[in-house]
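Here's what TrEMBL has on this protein:
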type	residues	note
ACT_SITE	Ser149	active site, charge relay system
ACT_SITE	Asp226	active site, charge relay system
ACT_SITE	His272	active site, charge relay system
Amino acid sequence: MALKQVSSNKCFEGFQKVFEHDSAELKCKMKFGIYLPPKAETGKCPVLYWLSGLTCTEQNFITKAAFQQAAAEHGLIVVAPDTSPRGCNIEGEDESWDFGTGAGFYVDATEDPWKTNYRMYSYIKDELPKLINANFPTDPERMSIFGHSMGGHGALILALKNPGKYKSVSAFAPICNPIQCQWGKKALGGYLGPDASKWEAYDATQLVKSYSGPRLDILIDQGKDDQFLSAGQLLPDNFIAACTERKIPVVFRLQQASCFCSPWLLILGYDHSYFFIASFINDHIKHHAKYLSA
């Protein structure tokens, strides 16, 4: 499958690149960012896949997360795809910020008019790794996944639905129980139809209850002052309870600001933004490097 290089920038002795290709799964052109560490010039490297959140493209993570130095140090190729098909001319695809363009939710749609193009689950699971492995110096046996918000949801379900495929998984502020939140109900209902029992196949809290694959050590960072946490969109407590019941290890870190006060400054904790992600991205890179090392 032909790749077209869109951009290339030297970064920490490696290269941050963006490519475009024609996707067979999504029936449209797709872009992805890929960081190639210095080690990729002389040998095969493990691959870490990042899944972004609502409204994002491949650009958000590669320009805002400040992950490249840690990836270079640990010799990791990092791939950051787009979050949905683009320009499919589907009626209503651009009407909402939380459904359609920029909001593929990492599912394979079964409902018209979405089912032809909106197959992000299969794109991430199958098509994209085959493309990456065929064109870059990867070790196909060493692959991990992480993400943010909707992408954290995507990372968790991909790891849970495909035991052994990913060596490790982590997430920033993931949507943990989409069948119980408004974002999830809108997206899953739109893409999969009104039968809520079908939604459970893409819900991490439901999937973990029947997980029986290799040991997964899950790392989740959540900002204490995340507006979507307080709005009930993320529901990490439900996922943690399900993991605890199944004795699946999960490290959940509720991150907050240092405690100090002044009469002229209001101190807030970590929120849902890339400032939060950049603050802890090195911990996540190290988490995955531990499992991806040869």
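We count from 1, first residue shown onward.
The backbone N, Cα and C atoms fix where each Cβ goes, and this holds for glycine too.
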Round to a whole number and give the Cα-to-Cα distance in Å for the pair His272 (active site, charge relay system) and Asp226 (active site, charge relay system). 5
Expressed to the nearest Å, what is the distance separating Asp226 (active site, charge relay system) and Ser149 (active site, charge relay system) at their Cα atoms? 11
